[in-house]
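Undergrad: One structure, pasted below without further comment.
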Amino acid sequence: MRVLAAMSGGVDSAVAAARAVDAGHDVTGVHLALSRSPESDRTGARGCCTLEDARDARRAADVLGIPFYVWDLAERFETEVIDQFVESYAAGRTPNPCVRCNERIKFAAVLDRALALGFDAVVTGHHARLDPDGTLRRSVDPAKDQSYVLGTLRPEQLGAARFPLGDSTKAQVRREAAARGLAVADKPDSHDICFISGGDTGGWLRERIGSRPGPIVDSRTGQTLGEHDGTFAFTVGQRRGLRLGHPAPDGRPRYVLDISPVTSTVTVGPAEELDIRRLVADRAAWPHEGVVTCQAQVRAHGGVVAAEAEARGDDLVVTLDTPVRGTAAGQAVVLYDGDRVLGGGHIRVTAA
């Protein structure tokens with residue numbers, strides 16, 4: 001089989017490519033240049049897609065003895081991921097750029113080009129498992145499981161994907177990398193949004209959206225408690241950094257309950273007002289009909305809650321057995337049956 005190994009410059013993608021070689025496949029490595037002005041070096045776990053990452057990917061390919069190329073997808077990444085990220089925050093939503101990147105870049109732009117060039121599949125270093133029939137499952141390493149950020153992929157995308165690391169823990173992957181002589185064996189994982197290398201999401205958004213001041217309002221009294229520079233700096237469920245001038249009468253902490261970019265108003269209140277029991281999402285990847293009993297996950301590293309899901313036209317309606325807090329429009333909801341991914345979508349509406 002001819003496979004294209006997406007090599008980020010990290011340990012996971014390097015070992016995934018190595019395992020594809022061991023499996024007897026005809027492997028070609030590719031590094032995705034996703035920034036128009038990449039930084040020279042990474043700063044710990046901050047960011048990725050630097051020139052250092054490209055060099056690390058090339059060195060790994062050389063050790064494996066496979067051809068290596070760099071594909072410039074910076075323009076498409078900016079349009080499909082970065083611009084959408086900015087637009088979402090400007091509209092009061094909370095997007096997950098990793099989910100979006102998988103949908104539009106790795107398993108769309110890259111996969112489409114790979115198939116057009118005669119490759120049979122794309123190999124990545126994601127920690128998830130794929131059954132022979134294309135069923136997506138959680139990784140055996142719960143701490144590193146990435147099935148959530150893959151949960152909105154369509155069956156045809158998963159059908160041409162390969163995830164060789166799904167049956168291994170991260171510790172096993174690092175030991176294997178060291179044994180293979182891969183210099184990235186101890187390279188730190190990237191934890192932050194890859195295109196915001198400094199980690200200051202609020203400041204980064206302010207540069208692109210501009211200051212849009214408005215009031216911070218108490219949900220129960222309607223009292224203005226403070227001012228903000230822009231709703232983009234807030235997410236539903238946020239507690240820190242509110243800079244409120246008036247403590248709550250009962251002394252309890254306040255959380256962001258609602259964000260209204262139209263009026264530039266941020267509404268805050270007690271934790272119990274964050275409780276959500278019903279979600280309406282788009283039907284990004286939901287092939288099932290009727291009511292399906294399942295478990296719902298709404299954050300990349302969050303827990304699951306028992307739920308029922310039902311397709312209604314283009315909508316996916318999810319009713320939760322117990323409420324979850326801090327869930328916002330823009331997040332992905334991924335639905336499971338045990339470790340098996342049933343599908344998912346992007347949340348548009350939440351309700352108590």
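Cβ coordinates are placed from backbone N, Cα and C, and glycine is handled just like the others.
Dumping what Swiss-Prot says about this protein:
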- C101: active site, nucleophile (ACT_SITE)
- C194: active site, cysteine persulfide intermediate (ACT_SITE)
- A6, M7, S8, G9, G10, V11, D12, S13, L32, G125: ATP binding site (BINDING)
- C101-C194: disulfide bond (DISULFID)
- H126: site 'Interaction with tRNA' (SITE)
- Q331: site 'Interaction with tRNA' (SITE)
Undergrad: Return the residues near Q331 (site 'Interaction with tRNA') by Cβ distance under 8 Å, restricted to its own chain and a separation of at least 6 in sequence.
TA: T94, P95, N96, V298, R299, H346, I347
Undergrad: Quick one: which of these recorded positions, C101, H126, C194, have their CA within 10 A of D12 (ATP binding site)?
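TA: So the list is H126.
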Undergrad: What whole-number Å value do you get for the CA-CA distance of A6 (ATP binding site) and C194 (active site, cysteine persulfide intermediate)?
TA: 16
Undergrad: Looking only at A6, M7, S8, G9, G10, V11, D12, S13, L32, G125, the residues listed as binding ATP, what is the longest Cα to Cα distance in Å?
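TA: Between the most distant Cα atoms of the ATP site, 15 Å.
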Undergrad: Give the number of CB atoms, excluding that of H126 (site 'Interaction with tRNA') itself, located within 10 Å of its CB.
TA: 27
Undergrad: Take the C-alpha atoms of C101 (active site, nucleophile) and C194 (active site, cysteine persulfide intermediate) and report the distance between them in angstrom, rounded.
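TA: About 11 Å separates the two Cα atoms.
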Undergrad: If one measures from the C-alpha of G10 (ATP binding site) to the C-alpha of C194 (active site, cysteine persulfide intermediate), what distance in angstrom results, rounded to a whole number?
TA: 13
